[in-house]
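Report on the following structure.
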Amino acid sequence: MFLLFAAVAMIVYTVAGDSRSAVQLFIVATPLATFAYALATRRLPRSRPWFLSVGGLIVLLIGQLSMPGWLDGHLGQAEGTASELTLSASHGLFLMGTAIALRRRLASDASGLLDAALLGLCAGGPLWVWGVQPHLTDAATPLGLLLLMIDVFAISGVIGCLIRMGASRGPGQDTILYLTLTAILTQTALVTGWTEPLLLAFLTIAAAPIQRGALEVTEPLPSAGAPMLGRGHLSWLAVALSVNPLLTAVQIMRGNEAASLMLPVGTLLIVPLVLLRFHRLAVQREQAERTLEHQATHDELTGLRNRRHMMTSIDRALTGPAGVTVLLCDLDGFKPINDKYGHLAGDEALKVVAARLCAVTRPGDVVGRLGGDEFLVVCEGVDASELAQRIRETLRLPMALSTGVVTIGVTVGAASAEPGCGIDRETLIGTADAAMYAGKKARAA
């Protein structure tokens, strides 16, 4: 349907003759109508950013009404005219609104988007030198060159981001496709100076908000893992960042005055992205270090402290002024759960035990899992008899697992060490272990 509509519109424009301005007005107004419809029918969720995009479309419509035929013969000429100011302002508003609306879609892939934007921006230099400059005339002004260069570089970065989004599978891909086509067609119009690609861009952007996937285009996608800066990654990034300065140097040596703008404009656009990329890298490194630290000190299944951390806690408490008590907890009746319901049910029961132990212990007590169905509680002070009793009572309560209701018990072996008594960790744990096995024998008898 879209292809048919676009074909008819472009044929009418081609044969319109003196009525081309009216056809242009209709084409420019079309995306404003489709966006208004999509917002009115809630086909575009999180509507506030889209109103900024609509503002850009309104600016374009005002330009068409006040300057009929303003697109013909002026695209990509860098003359600094009112029409070019209007076009740049509308692009800025639309890109800002769309970027804000889509920021949640790939929030988990921020680093990948930054890389794509950097690559796109760096491609703007060659595009400017080999695509735009050959068509510039003596009518080009510094303001016009600046506006056109910002447009070319910014849209190059946007194309990179949209291609990255399109490569991520998920709902809303049809809308992303039309946004990508719009950016590519707009860039083509700016580089070649042809009006037809820009009019096609108006039609593709008109199709974007009325696609089925528009409802979900702003929803976050599952994380695919952030790319890290390895050697290969750094190599291509270094090459990409070197392109624009090298091209600028070559152009200046050839006496091209317009090239002197490319380095500052490109740098102003690229440097913030580079800083953001390295900030993301620092955040990823910090997150990785926190994850490794957590994995080194916590039990993977229950989230409690692991054996290594518990041993360190005992050593620290033995040198403290308050003394220490350890409660060695061995579950009773746990093996039948595994035998009857399977290991998944057993894992679920261990998680329930961990949660209950954390609920009954006191602030400052350290709860950990030694392995299997053995848990350890390290307490400051030499009297934890009340805590041991609370542990027995709470673990005796029925557990509602996904496979059914089960009941287990626990045998608690306690051992204490007075401050400065000279008892070491192995002796303390051995005493608690002996007390725990004595309790099991007493129960069996």
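Heads up, the Cβ atoms here are built off N, Cα and C, so glycines get one too.
Unlike curated records, TrEMBL annotations are generated automatically.
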Given ranges 113-131, 341-359, the stretch to which TrEMBL attaches the annotation transmembrane segment: 113-131
Secondary structure content, the domain 'GGDEF' (322-445) (per DSSP, counts of residues): 56 helix, 37 strand, 31 coil
Intrachain residues whose Cβ lies under 8 Å of the transmembrane segment (51-70), provided they are six or more past its termini: 20-21, 24-25, 28-29, 31-32, 35-36, 39, 82-83, 86-87, 89-98, 100-101
Spatial neighbours of the transmembrane segment (143-163) far in sequence, C-beta under 8 Å, 6+ residues away: 76-81, 84-85, 87-88, 91-92, 95, 113, 116-121, 123-124, 127-128, 132, 136, 176, 179-180, 183-184, 186-187, 190-191, 258, 261-262, 265-266, 269, 273
